[in-house]
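Asker: Pulled these features from TrEMBL for this protein:
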- A:35-54: transmembrane segment (TRANSMEM)
- A:60-78: transmembrane segment (TRANSMEM)
- A:137-159: transmembrane segment (TRANSMEM)
- A:166-185: transmembrane segment (TRANSMEM)
- A:215-235: transmembrane segment (TRANSMEM)
- A:255-275: transmembrane segment (TRANSMEM)
- A:281-300: transmembrane segment (TRANSMEM)
- A:312-329: transmembrane segment (TRANSMEM)
- A:341-365: transmembrane segment (TRANSMEM)
Amino acid sequence: MTAVTPAPPSIADDPAPTGVVPPARPGGRFRLRTAAGFAFGAALLFAVAPLVLSDFRLSLLAKYLCVAMVAVGIGIAWGRGGMLTLGQGVFFGLGGYAMAMHLKLADAGPGGMPDFMLLYGQLDELPLWWRPFASPWFALPATVLLPMVVAFGLGSLVFRRRVRGAYFAILSQALAAAMVILLIGQQGTTGGTNGLTDIKGFFGYDLDDPVNQRMVYFIIAGTLLALLALTRQLIHSRYGELLVAVRDGEERVRFLGYDPASVKLVAYVVAAGMAGLAGALFVPAVGIISPALIGIVPSIEFVIGVAVGGRATLLGPVLGAVAVAWARTTLSERFPGTWTYLQGLLFVVVVAFLPGGLASLWALARRRAGDAESRRRGWLPLGRRRVERTEVPAA
Amino acid sequence: MSGDRLDGLSVRDVRVSFDGFTAVDGVSLEVPAGDIRFLIGPNGAGKTTLVDAITGLVRATGSVRFGDHELLGRPVHRISRLGIGRTFQTSAVFEELSVLQNLDIAAGARRSLATLARRRREVPDEVAAALETIGLAERAGHPAGTLAHGQKQWLEIGMLLVQDARLLLLDEPVAGMSHEERDATGALLETVSQDRTVVVIEHDMDFLRRFARSVTVLHAGRVLSEGTVAQVQADPRVQEVYLGHPVDAGSAPTGREA
């Protein structure tokens with residue numbers, strides 16, 4: 001650095017020649033970094049992973065990326081909005097079942113009935129509520145909209161009654177349990193404990209063909225990147241800041257003239273839509289959807305990944321979800337039976353000692369370098385902020 | 001940036017009960033437009049509960065009118081949108097957001113969905129003005145949690161300003177402040193009362209003597225006395241409540257009661 005340098009390098013590439021309007025918005029360097037980040041992620045998912053991973057591992061990765069989509073939604077609802085939702089399995093399941101019903105009907109034989117219905121033999125014809133799912137024009141939007149509508153209805157009731165904190169967590173978990181009971185109880189039309197299995201085709205493509213499996217993987221990877229872009233926009237918008245304000249001071253926000261219930265509802269509905277989409281894409285990737293995949297235990301596992309990665313950050317939930325899902329597969333192959341304990345231990349350790357998740361280590365390293373500039377510009381980088389030590393946000 | 005017109009607050013026969021305990025027992029008071037009214041009284045007199053009732057936090061009977069609007073029976077955020085803003089005894093700024101973000105959120109209750117979905121591109125005018133008024137322009141980019149106690153209180157007042165509150169209800173704004181900070185807060189109140197109505201709950205008698213334009217004394221949920229500072233101080237009933245016995249006018253009430 002010489003004395004000639006007119007400005008620190010950090011703003012040198014953001015010259016703002018007019019000099020009139022202060023760069024309130026993070027400038028060109030910031031946008032460039034984001035674009036580079038997305039390009040790196042895309043290269044990793046679309047080029048590196050298919051090259052280095054076997055077909056089997058790639059299909060596992062596809063499954064993990066679906067879990068990561070749920071995690072992105074939980075990051076919004078919980079990390080940003082303070083709503084610890086232990087029942088995302090419900091929305092994941094709604095999306096998954098909607099997709100599986102359509103695929104089963106598309107696969108169905110001459111009678112137009114899915115195989116398991118014929119097997120149980122209680123029904124002469126397709127139940128009324130199955131019929132619309134025969135049309136992809138209904139089923140595909142339904143995978144996302146159905147969870148969103150359910151979340152809207154539930155959230156309207158719950159948030160207006162100011163149910164929050166641990167009570168909200170328990171309520172959302174109970175919903176996951178109720179959904180499982182309902183599915184198992186209606187075995188004749190839902191497949192019961194088995195769920196909807198043997199899904200072989202995906203809009204005319206044979207899912208047993210590795211090429212088509214690879215295509216499904218690409219769809220999933222692309223969707224995840226799109227959801228991340230959407231989430232990034234959301235958390236940097238004014239709404240995103242408002243959501244954090246509601247998380248940290250719901251009553252205060254109310255006195256500023258906002259209805260916190262509506263603010264939370266939006267985040268909850270968005271998270272539900274993401275979980276639904278994840279469920280829908282999970283079905284062609286794995287070939288099955290069943291109550292065991294959407295109940296209380298998987299719902300909690302979704303949250304563990306988010307906590308480990310760092311719930312208030314953009315990438316933390318994704319990386320945490322993939323890492324935990326990967327560890328679960330690898331470790332349970334090697335030490336069957338002990339993974340559950342390891343997972344519980346991991347959760348406790350993270351919550352107790354690293355409440356911001358692994359992302360907070362990264363943030364710690366960058367804080368000194370990055371924040372000085374942001375401070376000068378007036379806006380705090382939302383993603384790099386300390387997260388409260390409390391597990392369940394105080395009511 | 002201020003309200004288009006100056007409105008007064010009219011409280012008529014307001015009662016608040018919690019499970020049989022009557023916290024506010026038929027309070028009536030008129031705060032004319034542009035006043036700086038201090039609400040004082042011993043602990044449990046019902047000061048904060050009255051403010052809670054006005055802002056919709058607790059249910060109350062009677063009538064509270066601000067300008068042309070009846071406030072009782074509306075939800076908190078609707079009352080707020082009518083131009084009523086309040087602060088709390090404990091500061092309630094969003095500690096993890098910057099000073100600027102705090103003010104921007106306070107300014108935004110009427111924003112459209114489309115605006116909310118976008119990023120902020122510049123500092124809104126009213127936010128910039130409020131930053132100057134409350135003297136925190138230098139600290140705009142810092143997290144509100146790093147502010148000193150007094151600065152947090154000012155930030156709260158600033159949030160009421162950008163919120164376009166035309167009635168400010170301040171609950172112990174100078175508690176825990178240094179002398180200099182109190183003076184600055186008093187000056188701030190005088191500035192903002194030029195086009196707003198201000199109600200202050202305060203225990204600090206020195207602060208009250210210097211900045212109150214009128215005073216209402218509450219005791220056991222009722223209005224005990226009302227008037228100018230001198231009138232209230234001379235009222236033997238006030239002296240009795242504060243000191244337990246009537247004393248010479250002018251020497252009581254003094255200091256902060258605990």
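Cβ atoms are placed via backbone N, Cα and C, with glycine included.
A quick note: this is a predicted structure, and the numbers were derived from the prediction, not measured.
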Asker: At an 8 Å Cβ cut-off, counting only pairs 6 or more apart in sequence, do the transmembrane segment (A:137-159) and the transmembrane segment (A:255-275) clear the bar of 3 or more pairs?
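Answerer: Yes, the transmembrane segment (A:137-159) and the transmembrane segment (A:255-275) are in contact.
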Asker: How about the transmembrane segment (A:215-235) with the transmembrane segment (A:341-365) - do they touch, taking at least 3 C-beta pairs under 8 Å (6 or more apart in sequence) as contact?
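Answerer: No; fewer than 3 Cβ pairs under 8 Å.
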Asker: Under 8 angstroms, Cβ to Cβ: which one of A:35-54, A:60-78, A:166-185, A:312-329 has the largest number of such pairs with the transmembrane segment (A:281-300)?
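Answerer: Maximum Cβ contact count belongs to A:166-185.
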Asker: Do any residues, 6 or more residues outside the transmembrane segment (A:35-54), come within under 8 Å Cβ-to-Cβ of it, and if so which ones?
Answerer: 61, 65, 214, 217-218, 221, 224-225, 228-229
Asker: Under an 8 Å Cβ to Cβ limit, what residues of the same chain, 6 or more beyond the ends of the transmembrane segment (A:60-78), are close to it?
Answerer: 45, 49, 53, 84-85, 88, 92, 213, 216-217, 220-221, 223-224, 227-228, 231, 234-235, 243, 267-268, 270-275, 277-279, 281-282, 285-286, 301-303, 305-306, 309, 311-314, 316-318, 320-322, 325-326, 329
Asker: Please report, as numbers and ranges, the same-chain residues at least 6 past the borders of the transmembrane segment (A:312-329) whose CB is under 8 Å from any CB of it.
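Answerer: Sequence-remote neighbours of the transmembrane segment (A:312-329) are 60-61, 63-65, 67-68, 70-72, 74-75, 79-80, 224, 228, 231-232, 235, 301-302, 304-306, 339, 342-343, 346, 356-359, 363, 382-385, 387.
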